[in-house]
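Novice: Got these off Swiss-Prot a minute ago, pasting:
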- 1-23: signal peptide (SIGNAL)
- Asp141, Asp170, Tyr173, His335: Fe cation binding site (BINDING)
- Asp170, Asn205, His286, His333: Zn(2+) binding site (BINDING)
- Asn211: N-linked glycosylation site (CARBOHYD)
- Asn350: N-linked glycosylation site (CARBOHYD)
- Asn404: N-linked glycosylation site (CARBOHYD)
Amino acid sequence: MSPFLGGWLFFCMLLPFSPGVQGAQEYPHVTPEQIHLSYLGEPGTMTVTWTTWAPARSEVQFGSQLSGPLPFRAHGTARAFVDGGVLRRKLYIHRVTLRKLQPGAQYVYRCGSSQGWSRRFRFTALKNGVHWSPRLAVFGDMGADNPKALPRLRRDTQQGMFDAVLHVGDFAYNMDQDNARVGDRFMRLIEPVAASLPYMTCPGNHEQRYNFSNYKARFSMPGDNEGLWYSWDLGPAHIISFSTEVYFFLHYGRHLIEKQFRWLENDLQKANKNRVARPWIITMGHRPMYCSNADLDDCTRHESRVRKGLHGKLFGLEDLFHKYGVDLEFWAHEHSYERLWPIYNYQVFNGSLESPYTNPRGPVHIITGSAGCEELLTPFVRKPRPWSAVRVKEYGYTRMHILNGTHMHIQQVSDDQDGKIVDDVWVVRPLLGRMMYH
């Protein structure tokens with residue numbers, strides 16, 4: 001073998017281990033990426049979260065001009081996150097909260113430090129008070145592969161169609177996969193949406209690895225429960241996010257079931273005391289109480305854990321949500337869309353034959369888990385259940401417009417049919433007597 005050939009082979013053997021070859025995301029740097037917004041519940045604020053690959057200052061510069069100077073500054077903190085995979089990859093998660101924002105005003109911002117800045121993004125500060133009409137995109141189960149709803153969500157976001165996003169669990173498939181590189185890729189994919197709108201979340205079963213560590217580290221939600229459960233107010237609505245996963249991954253602590261349940265009851269009591277101002281109570285949790293899909297998931301069982309609790313009697317949520325008059329319950333997990341008739345304990349409680357969702361006598365359940373992932377869509381059983389109103393086995397997402405304290409408009413958008421509205425329903429409830437279902 002010639003010296004030249006031997007040297008060339010040695011170089012080729014070293015090449016895969018060269019930091020420059022493995023890609024920019026592996027080489028330590030401080031240019032922000034994976035930028036996303038969230039709302040921590042304090043009026044006039046917005047929180048910016050991003051990732052770098054080396055320590056750096058956490059600063060956001062913001063203003064009102066797209067190309068002009070950004071006169072305002074806000075500073076925050078960064079925390080190292082070490083993924084639980086074998087490579088123990090380290091990310092630096094930065095959080096900065098912008099304050100004293102003018103309600104409804106549009107802002108331009110960039111984040112980073114003198115060592116590296118992001119490009120500029122735009123967002124609209126949430127309006128204060130109860131007398132406005134929030135518009136939300138709602139979906140679950142969106143992966144880094146096959147995220148069918150994402151292109152339309154990007155376009156709708158750019159057109160100013162939404163004030164916030166509710167992602168009802170299951171991200172990336174999975175954020176911990178490939179030593180958390182799949183999580184990185186997913187967070188980059190959603191950036192065109194999440195850097196412009198508060199991207200509000202709840203955990204799903206695909207987040208459970210290493211005790212939900214990627215979920216807890218990457219997102220910034222209200223409260224002090226690491227985003228597992230929290231609530232916030234938006235216009236005439238009180239929105240509650242919670243973890244159905246505490247009922248299934250018991251090795252992370254059975255005490256979490258009771259802890260969350262007590263928190264939920266306390267939060268619902270407070271929400272009902274404020275119900276004149278904010279009549280709507282909306283929940284979001286990943287695994288449904290009911291579903292008519294052709295699989296063996298918990299929601300196909302008559303005594304599902306989320307509905308009835310452990311052993312069919314401990315800390316079930318259906319009785320709790322019914323007791324405090326929850327209006328609307330969003331779920332995902334099933335890779336399909338299903339709207340139920342107003343329901344309690346397997347009985348349909350329509351408002352009337354002609355207008356089932358006008359003054360319904362039970363909560364309305366909507367399963368919206370068809371945003372798109374590698375696991376494809378979930379089929380339904382052939383014959384619809386008597387409590388199932390609409391079933392759609394197509395990729396898409398849900399739009400919710402909370403018009404005022406009495407009227408709410410819900411639509412399902414089909415990506416398979418190029419944005420066609422495949423479900424359209426108004427939920428109407430009177431201002432008075434909201435807590436009790438009669």
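A Cβ is built for glycine as well, from the same backbone N, Cα and C atoms used for every other residue.
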Novice: Whole-number answer please: how many Å between the C-alpha atoms of Asn211 (N-linked glycosylation site) and Asp141 (Fe cation binding site)?
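Specialist: Checking the Cα atoms of Asn211 (N-linked glycosylation site) and Asp141 (Fe cation binding site) gives a distance of 19 Å.
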Novice: Just to verify a number: CA distance, Tyr173 (Fe cation binding site) to Asn350 (N-linked glycosylation site), in angstrom, no decimals.
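Specialist: So the alpha carbons of Tyr173 (Fe cation binding site) and Asn350 (N-linked glycosylation site) sit roughly 37 Å from each other.
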Novice: Suppose we draw a 10 Å sphere around the Cβ of Tyr173 (Fe cation binding site). How many other Cβ atoms does it contain, all chains included?
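Specialist: Tyr173 (Fe cation binding site) is surrounded by 20 other Cβ atoms within 10 Å.
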Novice: Run through the Cβ atoms and count how many others sit within 10 Å of the one on Asn404 (N-linked glycosylation site).
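Specialist: Its Cβ has 15 other Cβ atoms within 10 Å.
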Novice: So which other residues, same chain and not among Asp141, Asp170, Tyr173, His335, have a Cβ within 8 Å of the centroid of the Cβ atoms at the Fe cation site?
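Specialist: Other same-chain residues with Cβ inside the cutoff are Gly140, Met142, Gly143, Gly204, His206, Ala332, His333, Gly369, Ala371, Cys373, Glu375.
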Novice: Other residues with Cβ within 8 Å of the Cβ centroid of Asp170, Asn205, His286, His333 at the Zn(2+) site?
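Specialist: Going along the sequence, the neighbours appear as Gly140, Asp141, Val168, Gly169, Pro203, Gly204, His206, Thr244, Glu245, Arg287, Ala332, Gly369.
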Novice: What Cα-Cα separation, expressed in whole Å, is found between Asn350 (N-linked glycosylation site) and His333 (Zn(2+) binding site)?
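Specialist: Between the alpha carbons of Asn350 (N-linked glycosylation site) and His333 (Zn(2+) binding site) there are 25 Å.
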Novice: Do me a favour and check the Cα-Cα span between His333 (Zn(2+) binding site) and Asp141 (Fe cation binding site); whole Å is fine.
Specialist: 6
Novice: Rounded to a whole number, how many Å is the Cα of Asp141 (Fe cation binding site) away from the Cα of His286 (Zn(2+) binding site)?
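Specialist: So the Cα of His286 (Zn(2+) binding site) lies 9 Å away from that of Asp141 (Fe cation binding site).
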Novice: Here's one to test understanding: among the binding-site residues Asp170, Asn205, His286, His335, whose C-alpha is closest in space to the C-alpha of Asn404 (N-linked glycosylation site)?
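Specialist: It is His286, whose Cα lies nearest.
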Novice: In sequence order, which residues at least six apart in the same chain have a CB under 8 Å from the CB of His286 (Zn(2+) binding site)?
Specialist: Gly140, Val168, Gly169, Asp170, Cys202, Pro203, Gly204, Asn205, Ser243, Thr244, Glu245, Trp331, Ala332, His333
Novice: Helix, strand or coil by DSSP: which one applies to Asn211 (N-linked glycosylation site)?
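Specialist: In three-state terms, Asn211 (N-linked glycosylation site) counts as helix.
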Novice: Would you identify the secondary structure of His286 (Zn(2+) binding site) according to DSSP, in three states?
Specialist: coil
Novice: Through the lens of DSSP with three states only, how would you label Asn350 (N-linked glycosylation site)?
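Specialist: The three-state answer is coil.
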Novice: Near His335 (Fe cation binding site), which residues of its chain come within a Cβ-Cβ distance under 8 Å, counting only those 6 or more away in sequence?
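Specialist: His335 (Fe cation binding site) has long-range Cβ partners Asp141, Gly369, Ser370, Cys373, Glu375, Leu376, Leu377, Thr378.
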